[in-house]
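Participant: Okay, handing you the structure first.
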Amino acid sequence: MNFNNELSDLKNRFLFRTLRVQEYSDVARDRIDFFIWELKFLNCVLHLQSFTFASECGMLDISQKMLEICKRFNTPPPHNAFAYWKEVICKRLCAISIRPDASSDDGFACWKKVIWKTKQEFRAKYSFPKTLLADNKVYDDTNPKFVMEFIDAVVGNLNVLVKINDPSSLHFVPGPKEQIEQVLKELKLLRFFVCFVSNKCTEPQYQYTTFYTHALIEASHIAMVVWLNLPIYGNRNQDLASNEVSCLFSDFMEMKIKSIQPGISRNNIYINVLRALKSTIPHAQDKHAAESGIVETPTHNLMVGLSDQMANLQEMLCLLRDNLIHLPILDLEFHLQDMDSVILDVGLLIYSFYDMKGEKEDTTLEDINRELGFDLPRNIEPIKAMVYLVMQKAFHCNLPRVHGLGYADFLLKNLKDFQGRYSDSLAFLKNQLQVIQTEFESLQPFLKVVVEEPHNKFKRLNEDCAIQIIRKAHEVEYVVDACINKGIPHWCLERWLQDIIEEITCIKAKIQEKNTVDDTMKTVIVRTSSKLARTPRMKEEIVGFEDIIENLRKKLLNGTKGQDVISIHGMPGLGKTTLANRLYSDRSVVSQFDICAQCCVSQVYSYKDLLLSLLCDTIGEESERRELPDNELADMLRKTLLPRRYLILVDDVWENSVWDDLRGCFPDTNNRSRIILTTRHHEVAKYASVHIDPLHLRMFDENESWKFLEKNVFGEESCSPLLRDVGQRIAKMCGQLPFSIVLVAGIPSEMEKEVECWEQVANNLGTRIHNDSRAIVDQSYHVLPCHLKSCFLYFAAFLEDVVIYISRLLRLWISEAFIKSSEGRSLEDIAEGYLENLIGRNLVMVTQRADSDGKVKTCRLHDVLLDFCKKRAAEENFLLWINRDLITKPFSCVYSHKQHAHLAFTEMHNLVEWSASCSFVGSVVLSKKYEPYFSIDLYSFYDFAISRNLPNFKFLKVLDLEHQVFIDFIPTELVYLKYFSAHIKQNSIPSSIYNLWNPETLKLKRPRHVRRCTLLLPSTVWDMVKLRHLYIPDFSTENEEALLENSAKLYDLETLSTPYFSRYHVLNFPIRLEILKLYRSKAFKTIPFCISAPNLKYLKLSGFYLDSQYLSETADHLKNLEVLKLYYVEFGDHREWKVSNGMFPQLKILKLEYLSLMKWIVADDAFPNLEQLYIKVENCNELVVKSAMNIQETQVEDNQNTNFKLVLIEKKTLKLNLSHDEDIPKAFKRLFLCPGIESVSTDRKEKKLTVTGDVDAGSSISCGETEKAWHARVVVPTCQHKCGIVILLTSNELGLGREERKKRRKRRKRRAIKEIIVDIVGGDPY
């Protein structure tokens, strides 16, 4: 608001000057804020002096009073009172605000005292005027824009007073602030009214100008009251008590309903302006002024208890107000005049009632009807129609334009559950809901056709109808929820459901008209799935880089003895990552390195994430490690790599600083360790290189482009001569970029190999795709079947360059209802088919596949594809990615009338800010991103705030808070929730968790500091019959009997992870259970119950005492087991495991780690289908290794199982570099701290050090010299199969005490560097 240019300039200069100084005390900052507050109000009051009505309305002449202040300071009064304010007051304040001291305190107190006394004099003479304006006098100088700006300024200053709760602040107002908040609301509503009138009036009229003047007068008197009386400057010099201020505001509120103009009541001003607007509606400007605030204005003035009809009117107005907030202008463009007419009629009715009520106390609605000439009951009908229309439009505009076709399945399941749980609430809709349920069941075959026949001749019509059906499913869900929560009146819900039934009937007629069901339904019975279900695995082909690969391979294996970096750089899409991965996974390269690890950086990265990724590859994944500080993780990585020859892949580095962060973790021990680095920038590549010059990837030539396209489309087959010409033309369009070629190859690979189809691809691509990857992605997205579009866009919820675990991704898809069910197939299997199809189209990159069955284990998206997903998902109103840099704030998003179906957050404070404005959101995913700049207290605040605000997302189906957040309580109000993953702080779960009757995936973790005791689950958990995957570490149940009785009720449960069972001798596992992970109880060493689950496929046991008999009995009950993992298991006193014929007949993977096993006897026909055997053992003898080798021989030679893989992790020893004699005790210390070391012995006479143990990549090596380590002696175990090694030491000081060492060191010079090199054995497949 720029009322006075001179004052505005002063304020700006003052702000500039104060902002340049950063070191303000709290007192100084409060003074500065207070001065600005006073300056703004003075600006408002001074400007009002220029209006002609000021003197008539009782406005005080502030300028004259300011002259008196000048005289009191014995300063010649300037020609302008404002100039004095600037020279005397403002300059003094600026001078004393920066570094307040005793003298400045006195100066400020003096200034404050003068101003306060001046205001006292103003208050003594000021009162609300009884007569304001002369009759029929028009004031042409009142501008609506100025009125709104003035009100905004007053509202802004009042907001400051409401927010300050610190008694020491100069802005503090003691006592309750309800009066101020009420005045604020009145001013905001007045502003809405002014905005509405100014937007709708087509030409100046007396009524409008009078109304603007009236609004300005009301706002100006509020400004005067506040400026003269508030704030009270802390607790000092309070000459005005808080109750007096409240009385002043009460007088103001009462004044609003008194006459302010002779012969014309306040309400008459509103009536006249509304009548004037009503007469101009046909010619009104086409502006969207029907904001929720203008509906709030008459609603706010409705009296309670007038009549049933008025109560209904109030209810409808509230609905209109609440839904207008979500409605864009385009959805109302044909209804604006009707909307305006409804609002004006309601306003006339309400204000006429007040006007007549003032003249006649017993005024009735009939009197108002006669006076206004319209019938209220009849006029309520168009209001109802408008309310219903706005509610529908508001809901429709928030629906995404991309849907998962599984939503119809989700609705049908919920309809049955809702009608059972909420039968009383839904009784009046029972018949309509049954009709809807029948209609959706009849449409299920059609939706199945859409998924399984994507290339049907009616593809476009089928997909359009399918999307309409799913939109209707969303509407039904919303209506049912509104009925249960009583958020919408019954008349509206009944009308809405009836319209839905009619619209579904129209959709069915459209389907039948084209015979889409009759033509294709016959094929559905015999076809179990189309090629969309699964596509052959795509290999990452590299064409044209063979010479480069061979050259880089030589540099990796040979070259300098020291560490070296191979940098690959080039523009996006050239294949840097593909080339680097090809080298990183090359067996001839990997076999030469002890450790291989990789990480992907990206433009926005987390240092901790990079360290964790590298540590995961080197020493395995461990959740505890995530809570360690960065410096400890970096030190752990460095010490792990120190004794080994390593190969590291660092992908997508953007800046030199990233390399600076990481290079210290990669020690150079002259053992030919290598690092592969990819980047887009030549400067980064050059900066990281040591001996080898950076490699710049070139673009393909036309011949290479065609070969690459041909390879990606046809694989090992050759292209038909008929397609060669058009294929080469398509390859040329790709601009010689490998990435573009890969994307384009995904389009014709899903089509018939016919010239017409390929010509269509070429025509659709056109010439616009040169150097424009987004255009290619857009075309690839355009040809996707509708059921795959939502799955593809959902990748926008993940961070850039983050490896995505398929198990989590597929469960999210299922929970989001993206997957359409099919009889005879599990949802996971169908979802895998969807994913394989996206991979086959080259839209998703596979980063890891399972060794056993070749299924995708992890994946990721190329940067270009991820960027497309984020932008397109936002455009389709599907998913909004929210991070710290997002300019759009939640309130601006709400008032732009747009909510998204799914939200992905990178930071917890974003989630808190958006929670209040996202009621329609269906999923919230908080991605992994660390915020080290947050204090612990701030984290606790956000944890609590998120927990408190989660119920605002009442339609949530997915809530994934696995990273960062530790919630204080479980949001049991979210009845639609299907996927819930979070960290919790409690040691017990409340029984109210049963209210979450929809979850299929429940994953609860706890921070390390609260894991000292098991998590206590209520017995109601076992009544959550829809659970399919339960992940809760270290849990037990409060009611053993309930567990025994109800555990089998979880018919759909497929995964039960890490239960902490302690004392159950019998346990009935759910019949469909497929994954079971059990950890040992503190109370029992053995498993006290028999594991009986006929469909179990994956079993992991950790920490138990087992024997051959128990495993044999278990095998009899687990005929379908495919994966068995035994960790830290002891085999009784004899340490023996006998495996008989026929045990675990379907077992494919057997993994044994850290077993206490001396003898392993395996029958020849045991494990007939075994594909992979992984052994990492302790306290074992050579018989165990021999048994493993026999299994391999049986599988490969007898069973002809050429894919069988045996991995033996044998005993390893450590490699140490000693620079001088002083490092010997450090070597002892290091060895004793390595968890795999079993014995260290020394022989002083023979001058040798013998080390025996299992030192693998997980060793934690720590330096430090202690007397205990120097003198330590460990007895070598009798086990003979250990891989022992003798290390000769040239030093004759071994075993000497510290004093003797010092004496000898003085008598001789320091010896030359000695190096102890120990080869590490094991780890590679035999």
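Note that Cβ sites are derived from N, Cα and C of the backbone, with glycine treated the same way.
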Participant: Checking feature assignment: coiled coil per Swiss-Prot, candidates 353-374, 573-594, 749-770. Which range matches?
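Facilitator: Spelled out, Swiss-Prot records coiled coil over residues 749-770, not the other listed ranges.
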Participant: Coiled coil per Swiss-Prot: which of the ranges 536-558, 1019-1041, 1203-1225 is that?
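Facilitator: The listed stretch tagged coiled coil in Swiss-Prot is 536-558.
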Participant: Give the range, chosen from 61-84, 229-252, 421-444, 853-876, that Swiss-Prot lists as coiled coil.
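Facilitator: Checked against Swiss-Prot: coiled coil maps to 421-444.
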Participant: Could you check the binding-site residues GLY570, PRO572 and say which one's CB has the most other CB atoms within 10 Å?
Facilitator: GLY570
Participant: Per DSSP, how many helix, strand and coil residues does the repeat 'LRR 6' (1098-1118) have?
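Facilitator: Its residues fall into 10 helix, 6 strand, 5 coil.
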Participant: Using DSSP, how many residues of the repeat 'LRR 1' (953-978) fall into helix, strand and coil, respectively?
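Facilitator: For the repeat 'LRR 1' (953-978), the helix, strand and coil counts are 0 helix, 10 strand, 16 coil.
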Participant: What are the other residues, in sequence order, whose C-beta lies within 8 angstroms of the center of the C-beta atoms of GLY570, MET571, PRO572, GLY573, LEU574, GLY575, LYS576, THR577 at the ATP site?
Facilitator: ARG680, LEU697, LEU737, PRO738, PHE739
Participant: Specify the count of other C-beta atoms within 10 Å of the C-beta of GLY573 (ATP binding site).
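Facilitator: For GLY573 (ATP binding site), the count of other Cβ atoms within 10 Å is 24.
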Participant: Among the binding-site residues MET571, LEU574, whose Cβ has the fewest other Cβ atoms within 10 Å?
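Facilitator: Selected from the binding-site residues MET571, LEU574 on minimum Cβ neighbours within 10 Å: MET571.
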Participant: When DSSP is mapped onto helix/strand/coil, what comes out for GLY575 (ATP binding site)?
Facilitator: coil
Participant: Please compute the mean pLDDT of the model over the coiled coil (749-770).
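Facilitator: The predicted confidence over the coiled coil (749-770), as a mean pLDDT, is 72.
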Participant: Have a look around THR577 (ATP binding site) and count the other CB atoms within 10 A of its CB, chains all included.
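Facilitator: Other Cβ atoms within 10 Å of THR577 (ATP binding site): 23.
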Participant: Could you tally the C-beta atoms, other than its own, that fall within 10 angstroms of the C-beta of GLY575 (ATP binding site)?
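Facilitator: 26, counting other Cβ atoms within 10 Å of GLY575 (ATP binding site).
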